[in-house]
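Student: Okay, here's the structure, questions in a sec.
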Amino acid sequence: MTQYTLKQASVLLQSKQISAVELASAYLAAIAEKNPALNGYITIDQDKTLAEARAADERIAQGNASALTGIPVAYKDIFCQTGWRSACASKMLDNFISPYTATVVQKLLDEGMVTLGRTNMDEFAMGSTNENSFYGAAKNPWNPEHVPGGSSGGSAAVVAARLAPAALGSDTGGSIRQPASHCGITGIKPTYGTVSRFGMVAYASSFDQAGPMAQTAEDCAILLNAMAGFDPKDSTSLEREKEDYTRDLNQPLKGLKIGLPKEYFGEGNSADVLTALQNTIDLLKAQGAELIEVSLPQTKLSIPAYYVLASAEASTNLSRYDGVRYGHRAAQFSDLEEMYGKTRAEGFGSEVKRRIMIGTYVLSHGYYDAYYLKAQKLRRLVADDFQTAFARCDLILAPTAPSAAPKIGADASPVETYLSDIYTIAVNLAGLPALTLPAGFSSGGLPIGVQLIGNYFSEAKILGAAHQIQLNSDWHGKRPE
């Protein structure tokens, strides 16, 4: 029962061939069996889950259900939900029970979706491997010696391991797409401002965006229909007419112009990644898509620009964790200043401290112009590159990551780890939508994904193209043993 896609489970629930309680119980049993080794979930509450499932069954019986009623979903530990621990995988919030619910979570609860639990992540969403979690690293379900990616590593792992049909992630510099690629599932980062950030713990406010993760592009489109929309509680939320993100699912690939950025196909990619890209290019050609070489010359500037800007925003956002109102507080201190210092030293992990220090430095007097303002200018150049490319093509095909998932504990420096986000970060700098979908496997049997990047508000076009690719391939149907 846990092998169904979201769409398949929806059909079975609506036709009353299975009940929401049966489906939730099957997932809870699978979680109890497999999660101790996987560590994809860090908070489970069977009683709450089954209560939501019973309520969903009542809605279905009364005939007022939506397509998502009764479907279980996992939430990255960055989303607040009343009565659930929302720790952001940090010691700082280990004892924080949220008094309110994130807008995007509330939207899915209103649809009748059933909460399975909170998934593991890099602390405060800072990381690319899930090794920065206070609760220990989640494992890659394809090979437990390897990372699932990050920061939404737990969400990617539980969907790939069939411990949830869908999950929510957040994407600040690639945190939905990179782990989805490493775990062999589909995930989309929408246009910045499409999905409300209210109740999603802030890392870098001008980058953060929530999105769905599932087995297929069709599942992601169904979820995005429920998630998107204006929210007056989020000042960055965009007021736009409601869209149907499933509208292009049946649009053929014939005539679609796909840009291939020459800077993304270079020596930095493993042979396995280049093979996966070539497989996708061959499929697109066979389906009648037109392939055009484009250039994104400022890509090389995206990593330094991103880590200056995101760290600056993080140092500001994380200043609220001071031990006064909520969260961890040091046990022993002699005055207020010592309490602040000890609380933050004990509560934050090393990567979070590193980014706070970088951010505080680049915002400090004498360095603001040299680093922060310069990075803002580079951000504009990166965004302009994409607009030049989209004048010639509808979508851009790119690698999601330069290689398959590395081993847990691989001796990479922070800079080497940051460089693994080279293909995802530019999209966040520009605020564009992008989706990753499975496109092959490495010689070691680990999944490899490719990215489809679109212009602003082209989610339906991206999801349609991805769905057509998935109709003509089976990478998304493969699952770990």
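The backbone N, Cα and C atoms fix where each Cβ goes, glycine too.
Small disclaimer: the values here were computed from a predicted structure and weren't measured.
Positions annotated as active site, charge relay system by Swiss-Prot, on the basis of sequence analysis: Lys76, Ser151. Look at Swiss-Prot and you will find Ser175 tagged as active site, acyl-ester intermediate.
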Student: Rounded to a whole angstrom, what is the C-alpha distance between Lys76 (active site, charge relay system) and Ser151 (active site, charge relay system)?
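Tutor: One finds 9 Å between the Cα atoms of these residues.
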Student: Hey, how far is the residue listed as 'active site, acyl-ester intermediate' from Ser151 (active site, charge relay system), Cα to Cα, in Å?
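Tutor: Pair distance, Cα basis, whole Å: 5 Å.
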Student: Near the Cβ of Ser151 (active site, charge relay system), how many other Cβ atoms are there if near means within 10 Å?
Tutor: 35
Student: Would you pick out, from the active-site residues Lys76, Ser175, the residue whose Cβ has the largest number of other Cβ atoms within 10 Å?
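Tutor: Buried the deepest by this measure is Ser175.
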